[in-house]
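Asker: Sharing a structure, written as structure tokens. Questions coming.
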């Protein structure tokens, strides 16, 4: 009997010990059980995700930075047309993140979405390699102008390959950073600090992949041809899928929660229905919520009621006690309403940071066109490929991220008391401010280059300031956006929230295309206007001046929006806190206290 009692006590103690190591964010392991911190997630799982991101970004940037050159030299397109086609393609890749995020949150889950769209991406890479390697899929070499343009079928084949790559990017990008963040439990004060370190190292991985893509692979493209230049990133893409799959037993998985957009529409319909019936919002006592520990959104925790956007609370007004409480088109829970409120809150921040992406678009278009017409010699026997010029921006990011994480954050934390040194909103503001000076530098350098007696003799290192400043702006803004959009999202909208900020890059690329087209139409076309096929006869600095003004106005708008922003925890640009570091459990009355 004593042995039985002792055994039972030991089993009970083991069960209690195991419960203490269980995550509280609803994640499960690969067997569908509540994830155990000792065997899953954290830095045991994150390296697979980070290495996967390096491989995927290597493939993407190897294409993005040299696609303008490929379209001009191999497909015989004009420079303005090639630049707009590339920005359109990049724009589509990032706007499609909304589709990938929807599928991940609603049906597939983040891990399955990444795997499926990585396979689509790989097929696109194979087609792109075939386009460059098979003679019948591109026009013959041009010996003298006018060159024979690519046929409709050749162009269609190439664009089909690029479309699959864009679709693959759209499915992967919104899920990878969120999937990495899912590996850390935000109610564990040790893991939550590691999560924000993960965001910085994730951005470091992006730039490491970009560095390899725009140096090694661009050099291979120049020296050994487009076939090798596209074949190697194709192999890297296949490897990225295998690397991610290798960590399968170690990951924590957030179950899909159903369509967030359907829930949003339900809140709108229910609130309007009750409004037209004359329902008024009280003081929260008559708002409906399920009595279970979890919310009725599968895999999502309950959210506490907030006073902001009180009109939407009408969707949760409980008028008929005996009525049907299962019809969400008539009656929503407080958690469902708060989920929609959280999504609405981030939209002004999203809108007020889009203009920065217009500046980023120039890294893969006109910055490279400038470099192609400058002296790129590095010693007597080596010439820097024009597509490698963004390395100035990437190296800056690779240096700044570790310095910021290891030196600047601890210093700022000691001064401000904030766990990240400064808030994510403040960090984004710094990036927006720096972007204004990046475009100023670009305008001055281009004017000097064009007015130089021999523009081709001007060193390419004059482009270093504008690339360096763009890289600095990206370090501050991109990581700040990663933190902000993840923290302000809910369990059911993580991927969609991440896709929302990624779509800024796509919309910024499209806006860049629109501005180029408007300038071309208003100034005389690509033969007499500001932006001509011959860059030495263009007035590209005027284009940069316009972008400088756009970024300046955007910064002022952002300051206004950020100062009045109130997040889920009641935080603003001055006191917004990303996490609760005091260990408040989300299970205690489902409240989020500062």
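Think of each number as a place in line: the chain as shown, counted from 1.
Using N, Cα and C of the backbone, Cβ positions are placed for all residues, glycine too.
According to TrEMBL, the protein carries these features:
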- 54-72: transmembrane segment (TRANSMEM)
- 92-108: transmembrane segment (TRANSMEM)
- 115-134: transmembrane segment (TRANSMEM)
- 154-176: transmembrane segment (TRANSMEM)
- 197-220: transmembrane segment (TRANSMEM)
- 226-248: transmembrane segment (TRANSMEM)
- 349-372: transmembrane segment (TRANSMEM)
- 425-445: transmembrane segment (TRANSMEM)
- 457-479: transmembrane segment (TRANSMEM)
- 542-565: transmembrane segment (TRANSMEM)
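Help me picture where these features are in the structure shown.
Answerer: Cβ atoms under 8 Å from those of the transmembrane segment (92-108) belong to residues 60, 116-117, 163, 165-167, 169-175, 178, 256-261, 492-500, 502-507, 509-510 of the same chain, restricted to positions at least 6 beyond its ends.
Sequence-distant contacts of the transmembrane segment (115-134) (same chain, at least 6 residues past either end, Cβ-Cβ under 8 Å): 56, 59, 63, 70, 74, 100, 108, 154, 157-158, 160-172, 225-227, 229-231, 233-234, 237-238, 240-241, 244-245.
Counting same-chain residues at least six beyond the ends of the transmembrane segment (425-445), those with a Cβ under 8 angstroms from any Cβ of the stretch are 349, 353, 356, 359, 362, 367, 370, 462-463, 465-466, 469-470, 472-481, 483-484, 541, 544-545, 547-548, 551-552, 554-555, 558-559, 562, 565, 572-573, 576.
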Asker: The transmembrane segment (226-248) vs the transmembrane segment (457-479): three or more C-beta pairs under 8 Å (separation of 6 or more)?
Answerer: no
Asker: Ranking 54-72, 154-176, 349-372, 542-565 by Cβ pairs under 8 Å to the transmembrane segment (457-479), which is first?
Answerer: 349-372
Asker: Test the contact criterion for the transmembrane segment (349-372) and the transmembrane segment (542-565): 3 or more CB pairs under 8 Å, pairs 6 or more apart in sequence, then answer yes or no.
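Answerer: Per Cβ check, the transmembrane segment (349-372) touches the transmembrane segment (542-565).
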